[in-house]
Amino acid sequence: MGGPLGAIIGRYPTAAGGDGDGQIGGGGGGAGGGSGIIRHNRKCRDLVFLVIFIAFWVAMIVNSSFGFNQGNPLRLTYGLDYKGNVCGNRHAKPDLRELMVRYWVNPNQVYLSGIENSQFNLADARSICLMECPVPSEDGLNWVCDYPEGDIRLPMDDWINRDYDYYEFLTSEMRNSSLQLQGPCYPVIFPSVNVYWSCQFIARASNVSLKHWQQMGGVNIDENIIIDKTIHRAINSPSPVLKRYVADVGKAWPVLIVCGGILPVFLSVIWLLMIRHFVAGMTWITVILFNALVISVTMFYYTKAGWIGNDALSVVIGEHDPYIHISGREINHIRAVAVLMTIVMIIAFLSSLAIIRRILIATSVLKVAAKVIGEVQALIIFPILPYVILAVFYMFWFSAALHLFSSGQILRNDCGGNCCSFDLKSNKINCDNCCGYRIHYTRNIGISILFHLFGCYWATQFIIACSSTVIAGSVASYYWARGEISEIPFLPVFSSMKRLLRYSLGSVALGSLVVSIVEWVRFILEALRRRLRHSDPAPVTCTGKFMSSSSQCCLGCIDWILKSVNRNAYIMIAITGKGFSKASAIATGLIMNNILRIGKVNVIGDVILYLGKLCVSLFCALFAFLMLDTHKYKSAHNKISSPLFPVLVTWGLGYIVATLFFAVVEMSIDTIILSFCQDAEEHQGTAQYAPPLLMETLDGQGEMQRLTQGS
């Protein structure tokens, strides 16, 4: 261990007395004659990594500014018209602020794009933006005409009020062009429904409308199921689905604020207060509540999957024929998550049964943490500070993420001459530059998004690590003062925070970076594994499956070990002021030397705390389900494609917030146990500075005493 730590972290009487590198602070007080608690000759550690972290933040700001300049979140939800305008964009020409639904006006172009090996794509079919999908006439023929311009001097509002029909104002040349399906007006032959802001044709042509069209001399219109499947395939492809998921997070921002920001703070504070005043029953309450919440969330997924009740997820926006059933990837994803939650529910129930006999051990160690919280009461409210910092960061990060995901360039396609149409400005049929538009994403945009995601994880880990280090320093002050609050430095939380800001930010940056890198290695390897699996049609052998599962398991174990080592390293950083590497070595040595002494108690305590964090996050997810199940998010422009992403993001935010607050108990237990082990090592197996309650818990007649005796 490189010498006793008593001279550094407490008032342990060393041979050197109170001089030099021993205890600092001089003066009487206690057996060691010194009153300096966790004060010694510290210096800034791991400065290089602090500089790297600051440089990384500068890069994050530059990267985000690119998204704010180039992105438009409307692109994630709404399609492009034939002019390259985003539907619903008030800055487009013409103004499309109320016109959010994309409609393909030429059914023959839609049919042509769906033929196998066709060179014509749906993106090149002529589309315009409307308020709602048009409906065929019951006794005649309805028309949908192009945006009024040129010789058609009709205000946009009048065009909308006329249901987009100005056929009666057309010249004979324009009418003949329209009968050739070249515009500017097009017949409404097929019914359509609004599927995620695009009008999907139903391959059942209106007999009345089709008869009128044929009587007028219109060209033949293809009636085939292809016209239905073509649009459905375009709407339901992976890229649009991912964009809709990201857009759902933006639309559900009130849910994220309430359920992912405010609610977890309220629940976490209640849990801490109950630990303080009702610790004996909290372990049982946590286990029971966890199982109840898992069951509740699973049932909500069953409901949205259509397996329970009549409230299944619908891909259609607005009113529609109840006999029309349209599926989507979103429904399949909901069902997959429902199956996964069923497995989690079964495992959770069996695990709860397995730990029932160990709950009393967790109760004993939680009593020690409750004692610390009662003495250092500022610990209960301290997590509000990192919470506010994290909340401000997430608001900036989510806004930048929405813009980055939508920051592609709008470029015209190259489609040949199959898109001829009547140009109202030039007053003639135009076959040049009539192709559609697409949003082009470069490799740089993908790298920017990955960089942004990595920045979110590193920043989150950094803030959590700073919070944990401050808590560890405060609790260590309590321990090495023998639990006598009068001998703890004034406002120990602020004293610990001052030490962190002055000396140890670089060490915390290094520790959080290590965890972030390992997590991203896992993410990249998993992405590569999935890509290889999809690119190789050959079935995976049993050996391949075993190797893949083994690698994932190994990486998961490494990640868990690193997080555990990091947490204990932060404690030693707070106590000793050492750099990250040295603190990790000290903490690991303490743990290995006392593995029988602290192993079982620490593991069971961590399990209960982990279940507590899951309780908070699951309750947030459950409340998010309830908010998203209201009329606001089921209709009009606020309709979300699926509650899946908003609920998952809410769950994640709730878990992060709970981690900040639960760290008060978690770090209290770990700091007390590590300090106890060090205290016992320096005093020949008998701790001198442990508070009485801790001695009763760890050195009494219970489980810990049997462990220390090696039984």
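Note that the numbers count up from 1, one per residue, in the order the chain is shown.
For all residues, glycine too, the Cβ spot is worked out from N, Cα and C.
Listed in TrEMBL:
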type	residues	note
TRANSMEM	47-68	transmembrane segment
TRANSMEM	252-275	transmembrane segment
TRANSMEM	281-302	transmembrane segment
TRANSMEM	336-356	transmembrane segment
TRANSMEM	376-397	transmembrane segment
TRANSMEM	447-480	transmembrane segment
TRANSMEM	500-525	transmembrane segment
TRANSMEM	607-628	transmembrane segment
TRANSMEM	648-665	transmembrane segment
The transmembrane segment (607-628) and the transmembrane segment (376-397) contact flag, 3+ Cβ pairs under 8 angstroms:
no
Which range wins on Cβ pairs under 8 Å with the transmembrane segment (376-397): 47-68, 281-302, 336-356, 447-480?
447-480
So, does the transmembrane segment (47-68) come close enough to the transmembrane segment (281-302) to give 3+ Cβ pairs below 8 Å, pairs being at least 6 apart in sequence?
no
